[in-house]
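Here the structure comes first, spelled out in structure tokens, and everything after it is commentary.
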Amino acid sequence: MAKFVFITGGVVSSIGKGIVAASLGRLLKSRGYNVSILKLDPYLNVDPGTMSPFQHGEVFVTEDGAETDLDLGHYERFTDTAMSRLNSVTTGSIYQSVINKERRGAYNGGTVQVIPHITGEIRERIHRVAANSGADVVITEIGGTVGDIESLPFLEAIREFRGDVGRQDLAYIHVTLLPFIGTSGELKTKPTQHSVKELRSIGIQPDVLVCRSDREISEDLKRKIGGFCGVPNRAVIPSLDADTIYAVPLTLEEGGLCREVLDVLQLTDHESDMTAWSQLVHNLRNPGPSVKVALVGKYVQLNDAYLSVVEALRHACIAQDASLDLHWVCAEQIETEGADALLRGMDAVVVPGGFGNRGVDGKIAAIRWAREQRVPFLGLCLGMQTAVIEWARNQAGLPEATSEELDPGTPHPVIHLLPEQQDVVDLGGTMRLGVYPCRIAPDTLADRLYGEQVVYERHRHRFEFNNAYRSLFLEAGYVVSGTSPDGRLVELIELKGHPFFTACQYHPEFLSRPGRPHPLFRGLIEAAQQRLPDSPAQAIRNQGEVTTP
């Protein structure tokens, strides 16, 4: 039977509950326990698929095609365990389910209320994750902050959950902030005390407190917090600001988080093996020479909009003993200032996914610059589509070529709507989503990078390469290096004679892991390193033995 851990947050939002949940998952897994983590989000959207990246950050796609919160990306990267649509729950999806049941007569004419119907549906979702995952421990992160009206049904549900499984089978963790007041020169505990008081008023007594701070927490302060909040001193776990999120599991392990949780759950505290993780953090903190990578996008004002892309680049740099020098480049700014002005000196260019017209011309200009300057390039989803448009306009003699998404009346729709999308009206959850196989062509860059004939990648798109133009592209020097198994859908393209130029219709960033970088990202960083002044390839170029065509 599974055990359950519930993680709440207080004092401020964005306090790091997701990283705490992911870190605890990593620590439990290092002791041999199977873990699944789910997120309860208190917004009324059914899922974040149609939400603006400026408001929500990236949409993380699971293997089974769910559009979810970016925290699920943290869960997967830290635990190296695939999550599913069951691991993402929103208030909107709960209400939708309950209302649908009411319409079907499932409640036998009863009055449908928040308690017990909404809270009961929430509890059922948590039990479902336990049953389907086979996990020893199910960790649940409750979004929002204690005191928010939106979170109340979720908090009531996890209070009721105690009656479902028994007190020895669940643990409550509360993440709070200890602010430092400069004038008094001390960390203040009052916000934490009030947050715990609010949680207690709902009927939840936390077993463990994770206290965020920017400096060391003294033993006296831990005793004070423990005394006022009703938890043992040893269960007050410091969580100091870290230089990298991958160091957080090590900090929490040192503070005793996993030990305390296992004690509450009455589980054996097996010996932990965090050797590989510690080495990973060491390598991250002691990198080799830096590579300059330009990320050209339309949402660069909010870094979380491309979170998995950035993490995938970091993973590749760790594996290649490189330091990531990431440059955020606004695609619209390229349209006004020119690609060379903003990209000169870059060792690699990445154009990630996105939707809509805004910034597309800037992305196309960036891709042309990378192609002509022979700078390593990787395009993702819309990044592949814009690479196709760039080639069509500048190399294939189709100056009016574009995507049907951008101009439905274009005479040359080199990117067009997927056939199965023709009659789709709703936006939410209707794209080509989730894992699909991709057949890799032999003797290509992709073949060298993957080393496999068939790979499985996660997708999120409505548009595809228009096969009416495939012959024209192949004749002009394009290489289709990956397709769907039936050969119809173009999944991966590359250019001959370029140091590294490839783009894919899928999202490889979702499969990258700290200790196992995705082959496309690792290949990009490896190619970027060849441009560094002391690389063998650069030395040969400097001697004039390699000339640019």
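The backbone N, Cα and C atoms fix where each Cβ goes, and this holds for glycine too.
So that you can see what the record holds, here are the features copied from Swiss-Prot:
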REGION    1-267  region 'Amidoligase domain'
BINDING   Ser13, Lys188, Thr189, Lys190, Pro191, Thr192, Gln193, Lys224  UTP binding site
BINDING   Ser13, Asp148, Ile149, Glu150, Lys188, Thr189, Lys190, Pro191, Thr192, Gln193, Lys224  CTP binding site
BINDING   Ser14, Ile15, Gly16, Lys17, Gly18, Ile19, Asp71  ATP binding site
BINDING   Asp71, Glu141  Mg(2+) binding site
DOMAIN    292-534  domain 'Glutamine amidotransferase type-1'
BINDING   Gly354, Leu382, Gly383, Met384, Gln385, Glu405, Arg462  L-glutamine binding site
ACT_SITE  Cys381  active site, nucleophile
ACT_SITE  His507  active site
ACT_SITE  Glu509  active site
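Mapped onto this structure are the features recorded in Swiss-Prot.
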residue: Lys17; record: ATP binding site; Cβ contacts under 8 Å, 6 or more apart: Ile7, Thr8, Gly9, Glu141, Ile142, Gly143, Val175
residue: Ile19; record: ATP binding site; Cβ contacts under 8 Å, 6 or more apart: His74, Ile245, Val248
residue: Asp71; record: ATP binding site; Cβ contacts under 8 Å, 6 or more apart: Gly18, Ala21, Ala22, Lys39, Phe60, Glu141
residue: Thr189; record: UTP binding site; Cβ contacts under 8 Å, 6 or more apart: Leu178, Leu221, Lys224, Ile225, Phe228
residue: Pro191; record: UTP binding site; Cβ contacts under 8 Å, 6 or more apart: Gly10, Val11, Thr176, Leu177, Leu178, Pro179
residue: Gln193; record: UTP binding site; Cβ contacts under 8 Å, 6 or more apart: Ile225, Phe228, Cys229
residue: Gly383; record: L-glutamine binding site; Cβ contacts under 8 Å, 6 or more apart: Val350, Val351, Pro352, Gly353, Lys363, Ile367, Ala503
residue: Gln385; record: L-glutamine binding site; Cβ contacts under 8 Å, 6 or more apart: Ser403, Ile415, Phe463, Phe465, Gln505
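Take the binding-site residues Lys188, Lys190, Lys224, Arg462: by the count of other Cβ atoms within 10 Å of each Cβ, the lowest one is Lys190. Under a cutoff of 8 A between CB atoms, and with a sequence separation of 6+ in the same chain, the neighbours of Ile15 (ATP binding site) are Gly9, Thr145, Val175, Thr176, Leu177, Arg212. Secondary structure at Gly383 (L-glutamine binding site), taken from DSSP and collapsed to helix, strand or coil, is helix. His507 (active site) is surrounded by 24 other CB atoms, counting those within 10 A of its CB over all protein chains shown. Following the DSSP three-state reduction, the secondary structure of Pro191 (UTP binding site) is helix.
Each of the binding-site residues Gly16, Gly18, Gly354 was ranked by the number of other C-beta atoms within 10 Å, and first place falls to Gly18. The Cα of Glu509 (active site) lies closest to that of Cys381, out of the recorded positions Lys190, Thr192, Cys381, Glu405.
Ile149 (CTP binding site) counts 8 other C-beta atoms within 10 Å of its own C-beta, drawing on all protein chains shown. Counting neighbouring Cβ atoms within 10 Å of each of the recorded positions (Cys381, Leu382, Met384), the lowest count belongs to Cys381. Secondary structure at Gly18 (ATP binding site), taken from DSSP and collapsed to helix, strand or coil, is helix. The highest number of surrounding Cβ atoms within 10 Å, among the binding-site residues Ser14, Thr192, is found at Thr192. Comparing Cα positions, Lys190 (UTP binding site) lies closest to His507 out of the recorded positions Cys381, Glu405, His507.
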